[in-house]
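J.: This is the feature table in TrEMBL:
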TRANSMEM  B:21-45  transmembrane segment
TRANSMEM  B:65-94  transmembrane segment
DOMAIN    B:68-271  domain 'ABC transmembrane type-1'
TRANSMEM  B:106-128  transmembrane segment
TRANSMEM  B:140-164  transmembrane segment
TRANSMEM  B:250-274  transmembrane segment
Amino acid sequence: MSIRLHNVAKHFGRTCALEPVNLDIRDGELVGLLGPSGSGKTTLLRIIAGLENADREPAGRILFGERDVTHVHVRDRRIGFVFQHYALFRHMTVYDNVAFGLTVMPRKHRPTSGEIRARVHRLLEMVQLENFAKRYPAQLSGGQQQRVSLARALALRPDVLLLDEPFGALDAKVRQDLRRWLRHLHDELNFTSVFVTHDQEEALELSDRVVVMSNGRIEQIDTPDALYRAPANRFVFEFLGDVNHLEGEVRGGTLTCGDAHLSVALPDGPEELLLRPHEVKLATAPTREAHLPVTVTAISPVGAEVRVELAADWLSEPWLATVRHADFEQLNLTRGQRLFAVPRRWHRFPDPARQALAPETAAALS
Amino acid sequence: MSTRALPFGLGSTQKRVLPGFGLSLGISLMFISLVLLLPMTGLFGQLAGLSLAEYWAIITDGRVVASYTVTIGAAAVAAVVNGAFGLLLAWVLVRYTFPGKRLLDALMDLPFALPTAVAGITLATLYASNGWMGRLLEPLGLQVAYTWVGIALAMAFTSIPFVVRTVQPVLEDLPVEVDEAALTLGASDGTAFRRVILPHLWPAIVTGTGLAFVRSLGEFGAIIFIAGNMPYETEITALMIFVKLQEFDYAGASAIASVVLFVSLALLLAINIWQGRFIKRLHGGRG
């Protein structure tokens, strides 16, 4: 079922939590709402769920398919909601938790107890907890509890599934597994889902499309791929990963910064270039276009790549470069080694975007 | 709420990391002995002068038995009424914000702070047939002062904080999300309350009500002024003890007091065991 938001805004007292927002989510899509804390992403999700009412002025509209649910109570919206801290009913067994939605239905719509039992067992099988039906939530691990809460949310076959930082309270490994598992489940059952996260990796890995938010505004809506390659503004670029800054003065097609210089096809004037860590190549000698001398200050092999920290007089903040293990061995990198950085490519966001980025946002990103 | 018992054995050679165990436990036990156990031993010492038959005769005396009925009946009514209103008060204090909330919260403790005799006199004047409330209720045929209704009223007044103060923290601990989860699953407000919130509060409500009941069994000061103290009708057990004491019948007074003590202890123990079992379930079998 598709979700359409038109002109939906929210104030808490005088503070604006959400500026008027328009959003179209297609049927069967898995969409991530990504942003730092206070960006309005959870408020937006709770408005979709009906746990929060949007402002009356301006009058926004929320549609599930063709059904206008703007004034429909949360219990009648046919949504499934997964909470960050699971919100399981602790005095009920796993079975009773999952069955809850079915057992509270009005008697004339309620399935027979045999049907309920069959359905709950199917759901528990799906979340791989069929042997835990008689346990209480406190006897399960965090990951298992979150799977129970997912099964509970899916028991009523909701039109849309909404997840509020579903993996936020879990440790890294479990989070990875659950993320993949949710993706599979989504592809299999093909429901429309929206989830909130502040973890860019999670958003990029899990979503069909990502909605990047900051300060109660939607900054960009795009596929993870497009988002990473063509960020709409500097905020999105900086929020989606580590960033290296190169500030200097352009004169005659060369950007100079201390004893470093780089050939660029830009007009004269002050300039700031941004580079991703993987866009920085390391070499033992400068090239014709780039003369950026750096010193290796730290080396940490993380997963498939080696992260190298670089410092130099002309840099206010150290750079970060990621190098493949093969290149790492070939260069024979050691701490204190002097090398030359060669940008593969760079990005720039001209002034208006730069001013849009408030200093406190920048601090929150680092 | 999950108290993990410290490993016992004072003379154990194993060095404890938390300091002061011996000293603090020693002082605690001494305090308990002086304040709690010694007077109780004294009570049983008084009983030693009675034969079993004499003891039985005292505690089954017709006037005393009538006082049990009055006391237990009134205490039960007071406890149940307090259970319902205490839950409501706790709910209002936790779930909503409104001007004067802090004041209302502080007022809850007033019955603890107020001397019970003051409460008793106030209630008696208020509900006597020429008092403010009594004057309004009399024409309706409702007599509060000098009946068991008055006794129950005085009991309810002195024991309301027990329910409010036991339910309040439990309700504060219950995240709003649990409520919201029930609503997203299609539960009506009533169903959500009955099936999700109430089961969580149930142990606290029972404990609070139980404490209120036990407190009411022993209440004296607040009740005697409003009870009227008519033999066989509005005499409470605590008054019977007092009467025996005035007759210098210490053994008789102790005998009746021991009945109140046993009933109270048994009730408290039962509540504790039952509540422990429930809490165990919430914490996944780890007590």
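Cβ coordinates are placed from backbone N, Cα and C, and glycine is handled just like the others.
Just so you know, TrEMBL annotations never went through curation; they're auto-generated.
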J.: If you count Cβ pairs under 8 Å, which stretch among B:65-94, B:140-164, B:250-274 touches the transmembrane segment (B:106-128) the most?
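T.: Top-ranked stretch among B:65-94, B:140-164, B:250-274: B:140-164.
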J.: Which of B:65-94, B:140-164, B:250-274 has the most Cβ pairs closer than 8 Å to the transmembrane segment (B:21-45)?
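T.: So the stretch in question is B:250-274.
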J.: Sort out the residues at least 6 away from either end of the transmembrane segment (B:65-94), same chain, that have Cβ-Cβ distances under 8 Å to it, and list them.
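T.: For the transmembrane segment (B:65-94), the nonlocal Cβ contacts are 101, 104-105, 108, 148, 151-153, 155-156, 159-160, 162-164, 167-168, 171-172, 201, 205, 208-210, 212-213, 216-217, 231-240, 259.
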